[in-house]
Amino acid sequence: MGRRAWTLQCTAFSLFCAWCAMNSVKAKKQFVNEWAAEIPGGPEAASAIAQELGYDLLGQIGSLENHYLFKHRNHPRRSRRSALHITKRLSDDDRVIWAEQQYEKERSKRSVLRDSALDLFNDPMWNQQWYLQDTRMTATLPKLDLHVIPVWQKGITGKGVVITVLDDGLEWNHTDIYANYDPEASYDFNDNDHDPFPRYDLINENKHGTRCAGEIAMQANNHKCGVGVAYNSKVGGIRMLDGIVTDAIEASLIGFNPGHVDIYSASWGPNDDGKTVEGPGRLAQKAFEYGVKQGRQGKGSIFVWASGNGGRQGDNCDCDGYTDSIYTISINSASQQGLSPWYAEKCSSTLATSYSSGDYTDQRITSADLHNDCTETHTGTSASAPLAAGIFALALEANPNLTWRDMQHLVVWTSEYDPLANNPGWKKNGAGLMVNSRFGFGLLNAKALVDLADPSTWSSVPEKKECVVKDNDFEPRALKANGEVIIEIPTRACEGQENAIKSLEHVQFEATIEYSRRGDLHVTLTSAAGTSTVLLAERERDTSPNGFKNWDFMSVHTWGENPIGTWTLRIADMSGRIQNEGRIVTWKLILHGTSSQPEHMKQPRVYTSYNTVQNDRRGVEKVVDSGEEQPTQEGLDENAQASQSPSGSGVGGRRDELAEGAPSEAMLRLLQSAFSKNSPSKQSPKKPPSAKPNIPYENFYEALERLNKPSQLKDSEDSLYNDYVDGFYNTKPYKHRDDRLLQALVDLLREEN
């Protein structure tokens, strides 16, 4: 073939490709039933053309004079082909200078294009922070994040906000914390100096504060550990748990530098042993009051408190006066499974929930650790409270003028019910808010909270009012085992007075109760709107004869309700211990709220699906308040229904279903691992575990049954087995709680072999 012929062929092929490409581009266009035209004659001429040619005149195009938009009366709304004949007829009109059929144009927002969440940061443990990004690898897991990333993408990262962690010290020279360390938010109350550095020991006992601070303020993009929720905030440490704690010390740390510190995060409290009743002393209480009145230049300090880890001990955080305070935001935990973890306590004062550790195989929380190290094993409500504090720091950066009560309202109004809806105990109160004794108003949603706090739209809540309701003629009433005292409390909520209340916030029932066995008491309060709240559930380990002395039982479950009407209080003992006796000596009902409805509550709260992908696991029927345990699943056997027993050995002040057939292979591997601990030959890493150890299935299930039988636990101070669960959780596949419980199960199996 000659050079000329080859050149002609190449040219022809190129022209053909160009023609194909041009037609391909045209084919991709979506033409719409709209024509733009330039008509110098103005609106009268445009109207005449429309009438003559079969168009509807849609009007002038923006501010362009003599440019009009038309819609043809007999043409489809969208088409892949242009209507050239219609365009030609319009453009051929002498009154039209130019005409063109409109088509869809693809446009992209010119924001910074972001990689996947996994690639946002170079910190090595970022991809393990499952609670900040949806990293689930299993379809059965619910959506797992606190919606923090959308807030960061707005440029809100905690700048200008100061948080102090009240704990056992802070390793402030840690390379993932140092850049955000604030010495003005720090003090050592154990050694009375300005250096909160923790005391090192062989077991790293004082790691707690550093871990909590890291969750809040770990530096981003520094190739170290992970990323803090408010990674540009300033963080300080108060060292106070590594020594003697007094009321004076607590008052000093709660009121430390309130003009500088915005948020105080505390992951500790009285002993979570299921038998302690204790709250702030006189001085600490005054420090709380001073903080909310004078802190942050009068806007009020934000106090965040972990709700407690006494679940296994059958504890109830209504007996903890720190989480039960109207001045604190009490935060509970949810596991990676979206369930209430084994250590979580139930009470009517919990405001909201954050993520933390759960069952033995669940992921835990990532943070900084002692000796400039990192950890992925931070646990308990200790880990939940700092996450909440970080989210509140984001809100304060967005709106520094938020008051302490604004923050509580924001939490109530934006926390999510949907991701935790698989759990029992949810109820809708008289104001239309979903609430639960385990989770408060639900899982924190950082984006929703920050969006609502936008200073351009947020209206600060009205002035706080307090109305006290009591019966001056009340005579002490006797209570015995299997008995109940019912008190009807009619109230007009101080109507007509300066302190009248029409919209509730906190409700306190202050009482003095003398009783021979305090832990057998059950207290329920029903509001005028019909919301029933358990103020105190039974605590099997609480054998104290001391009762309650002017104790404030606090509830947030009636938030937003109108209190006018008759309230009903029930105090009962259904233990069957016939020797029990006592009396209700005094009581008063304290209503906290506002005389007018807050602006954001004038429209009802609308709940939307948090996780549309993972709704197939839903199916929880409506149940009564979680404190009034009622099984919600069919087919519960007697042992499962009865499994609410006392718990085991006390813990410190820090707030660190049987399927049919064979046990799961994962369960058997865990058991085999535990069996191997006492045999050196089986500990060799070179010998992989067999798929299924030789454990008779009937023994396996018998051991599980024994773990859940109340008869094995009654009056036992040293029990390790109590899961503090109701019938609902007993129908779930059994999950190991920790190494001690695993070993206990193994020991039971060995007894039979």
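Cβ atoms here come from the backbone N, Cα and C positions, even for glycine.
Feature annotations, reproduced from Swiss-Prot:
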ACT_SITE  Asp167  active site, charge relay system
ACT_SITE  His208  active site, charge relay system
ACT_SITE  Ser382  active site, charge relay system
DISULFID  Cys225-Cys374  disulfide bond
DISULFID  Cys317-Cys347  disulfide bond
DISULFID  Cys467-Cys494  disulfide bond
DOMAIN    129-450  domain 'Peptidase S8'
DOMAIN    460-597  domain 'P/Homo B'
CARBOHYD  Asn173  N-linked glycosylation site
CARBOHYD  Asn401  N-linked glycosylation site
REGION    617-657  region 'Disordered'
REGION    676-695  region 'Disordered'
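Shown on the structure are the features that Swiss-Prot records.
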residue : record                           : Cβ neighbours (10 Å)
Asp167  : active site, charge relay system : 30
Asn173  : N-linked glycosylation site      : 10
His208  : active site, charge relay system : 27
Cys225  : disulfide bond                   : 28
Cys317  : disulfide bond                   : 30
Cys347  : disulfide bond                   : 31
Cys374  : disulfide bond                   : 20
Ser382  : active site, charge relay system : 28
Cys467  : disulfide bond                   : 21
Cys494  : disulfide bond                   : 19
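A gap of 27 Å separates the Cα atoms of Asn401 (N-linked glycosylation site) and Asp167 (active site, charge relay system). Cα distances from Cys317 (disulfide bond) to the active-site residues Asp167, His208, Ser382 are smallest for Ser382.
Within the domain 'P/Homo B' (460-597), the DSSP-based counts of helix, strand and coil residues read 3 helix, 72 strand, 63 coil. With respect to their backbone Cα atoms, Cys494 (disulfide bond) and His208 (active site, charge relay system) stand 46 Å from each other.
Checking each of the recorded positions Asn173, Cys347, Cys374, Cys467 against His208 (active site, charge relay system) by C-alpha distance, the shortest gap belongs to Cys374. When Cα-Cα distances from Cys347 (disulfide bond) are compared across the recorded positions Asp167, Cys374, Ser382, Cys467, the shortest belongs to Ser382. Around Asn401 (N-linked glycosylation site), a 10 Å sphere centred on its CB holds 13 further CB atoms from the protein chains shown. A distance of 14 Å separates the Cα atom of Asn173 (N-linked glycosylation site) from that of Cys374 (disulfide bond). Between Cys225 (disulfide bond) and Ser382 (active site, charge relay system), the C-alpha separation comes to 19 Å. Note on proximity: of the recorded positions Cys374, Ser382, Cys467, the one nearest Asp167 (active site, charge relay system) is Ser382, by Cα distance.
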